[in-house]
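**Q** Sharing a structure, written as structure tokens. Questions coming.
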Amino acid sequence: MGLLQLFLVLGIFCASSVVGFGVDPALRISVFDELTLGEGFDGVTQVQGFHSESRAFHFQGSAREVMAPVEVSKKMIQKLRGKNEFTVLATLKQEHLNSGVILSIHHSEHRFLELESSGQRSEVRLHYRTKGQQPHTEVFPYSLADDQWHKVSVAVSASHVILHIDCNRIYERVVEAPYMDIPEDASFWLGQRNAAHGFFKGVMQDVEILVMPQGYIAQCPDLNRTCPTCNDFHGLVQKIMELQDILAKTSSKLSRAEEKMNGLDGCYCERTCSVKGVVYREDEGWTDGCRNCTCTNGTVQCEAISCPPPQCPAGTAPAYVKGACCKECQPVCLFGGREMVEGDQKAVRDSSGRCLLFECRDRTMHRVVPSEPCPELNCAESEQITLNGRCCKVCRGHDFCLEGHGCVEHSDCVNLEAGDCCVCKDGFRPLRDDNAYCEDIDECAEGKHYCRENTMCVNTPGSFMCICHTGYIRIDDYSCTEHDECLSGLHNCDENALCFNMVGGHSCSCKPGYTGNGTVCKAMCDGLCQNGGTCFSPNNCVCQQGFTGKRCET
């Protein structure tokens, strides 16, 4: 039986079964219903939501206190206490760049469960306490504060956390298990951390806590499908036909490539490496700053030079020398009871107040006669500072880096009050203690990147890139999808529905004021249109001839 015939059989079989998903009311905490939101809370008003099947509320301003009454808080916390599997759900539209708390359960300064969205940092944060009674924050790089509707789900199962955004699995991590023995008198806040901080600004709908590990299925039922829908089935058939065509073309290309490879059997090709304009042959080595490098199979591989502490004889001391990575033993001079290495200078004043400059050369301090007088300063005397190794004063804020510095590889010179120092550039770490030489941090190898599914992390100097896998297109800097069916118009959403691109397909949700399954959306009117009138658009009836009024009642 061929693949196409097999999928036809599976299509007939799956069409005969439908899998649903329900939630036991005893496991559901509907926050809006428990707080009886809309009754007596300043700064909270009911508005049109993402859909019309439940209420939505607009949270605005910072003079609000949306906190559950004591008895209501006890009731909700009782369902959560001691549970190590739960899911926080919310549908929201957060104002651009707003940073606010979606919900928070805390006692005194201890946050037992708090979900926060930071628009300033483009992060979703889950705050909780670990079983070791330590505060913990799990950070998920993702921007919700873009003034667009999003479905958010955070599912916790012991030490396993899954974040879904718009029915896409964005992150799945193993973390320290949360401590859920929440005190009975803990406070439950919505849309803010407390009366003074963390104000969420925007619209929220369907804020719930389900005491179960896979509660995201209640928000995105398609994630629980065991059989494809008709649209899925037709898509699978189309994919099989495309794969058969690709297979045929690939086989032809492979055959031609094998013919060319056979012709190269008698050739010898040496791979080389090009670094800073110099070409190195295979297995050739060289020193680059504080790294020993080798050309291996056409790729440069470098390792940091290990500098053992030098064993310096009497009369010498370890010091850095220009052009060398490790400290070397240098002759020292004794001056004023302290050691100075070759080239160091010291300024002192004699009994008459005259400044004398000395320099360490050949183990002896020699007086240095300035070739030029001190330059005239264009700053007030109170802004002039005296330096240890100079007779001439300088103005505060003087650019020491401009005079020359020893910051060499991936290191920047930074001015200080009385001198300068070296600082590694962003994305680099120091190879020695004065930061003069720095090496690139491989964020990909060390797991310090934000690349998500369908991408490959590629290290770059000082940073990294998330490259889409072949056949995928970019969603943002960190994630990719197969193709954007919403953008290309290859979807079956109603004209009055919103299309959400997903990995492997798309989903449809009716716009506010319309009801349906997304592929078919009908306008909703506040009350039935009377006398044969038709609901044409939200709260807009088209009356038959001879009738008028908002509901055709006249």
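Each position is counted from 1, following the chain as shown.
Here the Cβ of each residue, glycine as well, is placed from N, Cα and C on the backbone.
For 1-20, the entry in TrEMBL reads signal peptide. Marked as domain 'Laminin G' by TrEMBL: 54-227. Among the features that TrEMBL reports, domain 'VWFC' is placed at 271-330. For 440-481, 482-522, 523-553, the entry in TrEMBL reads domain 'EGF-like'. Annotation source TrEMBL lists disulfide bond at CYS525-CYS535, CYS543-CYS552.
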**Q** Can you tell me the CA-to-CA distance separating CYS552 (disulfide bond) and CYS525 (disulfide bond), as a whole number of Å?
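**A** With distance taken Cα to Cα, CYS525 (disulfide bond) is 12 Å from CYS552 (disulfide bond).
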**Q** What are the non-local neighbours of CYS543 (disulfide bond), defined as same-chain residues 6+ apart in sequence with CB under 8 A from its CB?
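**A** Non-local contacts for CYS543 (disulfide bond): CYS529, ASN531, GLY532, GLY533, GLY549, CYS552.
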**Q** Excluding the flanking five residues on each side, which residues at least 6 beyond the ends of the domain 'EGF-like' (440-481) place their CB within less than 8 Å of a CB in that stretch?
**A** 141, 169-171, 410, 425-429, 501-503
**Q** Quick one: average pLDDT across the domain 'EGF-like' (440-481), no decimals.
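**A** For the domain 'EGF-like' (440-481), the model's average pLDDT rounds to 89.
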**Q** Among all protein chains shown, how many Cβ atoms are found within 10 Å of the Cβ of CYS525 (disulfide bond), not counting that one?
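**A** The answer is 19 other Cβ atoms.
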**Q** To see if you understand the setup: which same-chain residues, six or more apart in sequence, place their Cβ under 8 Å from that of CYS535 (disulfide bond)?
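**A** Set apart from CYS535 (disulfide bond) by at least 6 residues yet with Cβ under 8 Å, we have LYS522, ALA523, MET524, CYS525, CYS529, CYS541.
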